[in-house]
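Working notes, beginning with the structure itself.
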Amino acid sequence: MDVLAIFTAVMEPHLLLTVLLCTLYGAFVGSMPGLTATMAVALLVPFTYFMGPAQAVAAIVATTTTAIFAGDISGALLKMPGTPASAAYVEDSYILSMNGKPRTTLFTSLIAGVLGGIIGVIILAFATPQLARLSASFSSDEAFWLATLGLSCAVFVGGASVARNFASLFIGLAIATVGIDVAVGHPRYTFGLEDLYDGVSFIPAMIGLFALSELLRNAGSGEETRLGRISIEPLFTGLRDAWREIWHRKLAVLRSGVGGTVIGALPGAGADVAAWIAYALSRRFSKTPEKFGKGHIEGIVDGGAANNAAVAGAWTPALVFGIPGDSVTAIAIGVLLMKGLTPGPDIFTTDATLVYTIFGAFLVANVLMLLTGGLAVAVATHILRIPRAVLMPLVLMLSMIGAYAIMGSTMAIWIVLVLGLLGFAMAWAQIPLAPAILGIVLGKVVESNFMVSMMKAQGNLMGFFERDAAAVLGVVTLIVWGLLLVRAALEIIGRHNTLSAKDAKK
Amino acid sequence: MKKTVQVAALATTLAVSGTALLAQDSCDWKPERAVTYVVPWGAGGGTDANSRMMATLLEQAWGVPFNVVNRTGGNGVTGHSAISRAEPDGYTVGAVTVEINTMHWVGLTDMTWEDITPIALIDIVPASVLVGKDSPFTSVTELLDHARANPGDLTASGTSLGGIWHLALAGMLNAEGMAPDAIRWIPSQGAAPALQELVAGGVDVASPALSEGKTLVESGEVRALAYMHDAPMSALPDVPLTAEALDSGWTLAAYISVSGPDEMPENIVCSYEKAIAEVVASDEWAEFKASRGAEVVDMGAADLAAYMEQQDAALGEVIQAVGLAK
């Protein structure tokens with residue numbers, strides 16, 4: 001492979017301009033509540049007809065990475081995560097922003113995201129075939145265990161008790177049962193409404209649970225935040241503090257970046273699971289786990305690095321086997337085929353220059369994202385100055401339109417309204433909201449893999465442990481569950497003891 | 001609400017048949033504003049790619065935007081009803097796929113191919129019979145002999161239960177005189193997860209569209225034992241055809257069409273037919289088809305209607321044999 005040829009191809013002005021424009025576009029779409037990375041990429045497709053292969057793929061890559069990061073912007077400023085991946089640390093980033101540090105928070109997730117993305121590209125450049133081998137060994141058994149492990153991570157988030165986290169998770173899982181059953185195609189809880197056949201999609205669910213419930217809570221409180229008197233730190237201070245935070249946690253960034261790439265490459269997982277597992281690990285290894293969920297930056301660093309690394313990881317099965325890891329790479333494969341490039345193990349020999357140009361563009365996209373993402377943060381943080389009473393209804397209107405656009409039916413609006421009330425009730429009962437989102441996103445994944453495995457093994461539960469990789473993952477998951485149950489029991493006993501101690505004093 | 005829809009539909013039907021009589025046979029209708037192109041399946045799939053390319057080329061031909069909208073959900077019901085129920089004024093067309101001939105048999109909807117207006121066929125997608133690279137089977141007859149001797153031993157995947165690729169496999173077993181579940185069907189959410197299972201060794205057989213498995217076949221990860229068609233395709237010319245390899249001569253192909261809403265006036269239909277025929281004959285379309293390893297197909301409205309009717313009966317038979325009919 002000719003390094004110089006690749007370098008000139010990557011530095012070609014048209015390519016750079018495409019990447020720059022697409023990072024701006026991705027930042028815009030990602031930060032709009034209700035618009036997703038997948039939607040952004042689908043809208044790009046007609047333009048890619050007129051581009052060369054490297055330029056077309058660079059456009060898709062640049063748009064996705066920035067859109068995934070930009071999901072953090074609405075999360076931190078409005079408590080409305082743009083992607084399920086951002087939902088893992090939304091409590092932390094929102095509290096930090098409300099305490100006058102929106103820029104530090106967002107620059108931290110931006111830099112962490114950029115570094116995670118770069119780690120992902122480096123791994124892609126050197127180990128794509130090996131990673132693809134790993135992902136190809138995953139059948140429904142392994143995918144089931146990975147998804148359940150992801151679900152267990154929900155219990156680690158937030159400041160709430162284990163029992164409350166479980167409650168939230170199960171509310172999410174219950175919502176995920178709505179729609180056509182994945183195994184036998186039977187409609188459940190749809191009340192004969194065709195619009196519910198596809199289930200409750202996570203965009204309207206997130207808008208309802210987070211945004212609408214926050215709006216209701218805001219309306220009922222006389223807090224200062226209603227009047228837009230939140231202070232915003234100077235740009236430079238934010239940047240400096242963010243960098244200090246990242247530098248302080250450089251090893252954690254590396255760990256989350258590598259972990260995120262690997263998880264992103266595995267089928268059935270993707271950026272969402274990567275961010276949640278990184279957040280849970282971050283809390284597990286932290287010296288101050290009790291601060292998580294109350295405005296602590298550690299989880300934002302780790303989760304932010306992991307979800308952008310996972311975006312890169314998702315390309316491995318697509319490039320090597322032509323099997324898309326997520327809906328974005330599914331579109332990308334279509335574009336590659338249209339450009340006369342057939343994904344496959346040979347792509348690294350037959351089209352080496354092009355493949356490495358694509359990786360180069362990946363790298364450039366991540367670097368340029370620092371610029372455009374930074375610009376987006378600098379501009380977007382000003383919306384905190386708008387009085388909440390004016391801002392929130394506007395946001396609600398925009399996100400309703402977004403929800404409607406995703407589903408193309410008024411059912412989306414009903415889902416937002418119903419889940420908004422549910423979210424309000426949950427907040428009132430001090431049940432955290434984030435685990436419910438994970439339940440909604442992963443419920444179908446867990447169920448379909450479970451059903452597929454059961455059908456393959458003809459109802460034999462031991463089938464889940466018959467393959468080597470599945471057995472290892474299964475045992476790890478069961479140990480995590482065991483530990484969680486013990487912790488929950490200790491929490492209850494502890495509370496009981498303090499209560500009886502108080503009684504004794506009386 | 002249903003009633004209002006019906007009344008409205010009746011009213012438009014009456015109005016439309018009036019205009020149809022007046023404007024018959026003048027195939028010079030042209031859209032004057034943006035056209036909505038409904039795709040019932042997700043972005044990134046074969047239907048999406050074909051439809052987006054067709055939309056782009058129609059946009060060039062007519063000079064108005066063709067907006068592709070992916071109305072997914074309900075195993076295709078949502079998008080197909082959106083096409084069927086739209087105003088038949090030429091400003092909504094869509095990609096009606098083979099599922100219009102299966103959905104009503106399995107009880108997902110009452111809508112049939114008679115509730116849409118066929119315009120042109122743009123893609124034919126034969127099913128395939130794929131096994132992993134370590135599989136002991138080297139021909140489709142060996143595979144079927146094993147299934148005949150050990151019913152229920154092998155598993156296969158490719159789509160949901162009752163989906164088109166399930167019918168392809170079960171129909172083949174049925175045509176060869178076996179129980180349709182002699183190879184057990186493992187449902188999946190589309191072809192990609194099924195191919196993942198096949199590569200990982202989770203299932204023994206996959207029967208998705210040949211085009212979907214093409215990459216894996218070419219890279220040697222997966223072996224194609226046959227595809228369910230009667231004419232060899234230039235993309236993989238060495239793979240045997242079921243029409244030749246099997247005594248029953250079984251074949252099954254999915255299709256993608258451009259169709260309009262119910263009761264679309266004749267002059268709009270034939271205008272679309274003419275424009276699409278020109279697109280299909282173009283070099284750009286040929287190049288696009290070649291890049292996907294597919295053949296250019298050219299079939300107008302009348303032939304397509306007959307084709308849909310024939311497919312409907314054939315697939316209905318398979319669905320009844322498999323025991324999924326409702």
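Glycine residues also receive a Cβ, built from the backbone N, Cα and C atoms like all the rest.
TrEMBL does not curate its annotations; it predicts them automatically.
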Among A:53-70, A:143-160, indicate the range for which TrEMBL gives the feature transmembrane segment.
A:143-160
Annotated range (TrEMBL: transmembrane segment) out of A:318-341, A:438-461:
A:318-341
Need the matching range: TrEMBL marks transmembrane segment on one of A:166-184, A:413-431, and I'd like to know which.
A:166-184
Average pLDDT across the domain 'DUF112' (A:16-438)?
84
Could you tell me whether the transmembrane segment (A:389-406) and the transmembrane segment (A:258-281) have 3+ CB pairs under 8 A, leaving out pairs under 6 positions apart?
no
Which of A:15-45, A:318-341, A:353-377 contacts the transmembrane segment (A:106-131) most, counting Cβ pairs under 8 Å:
A:353-377
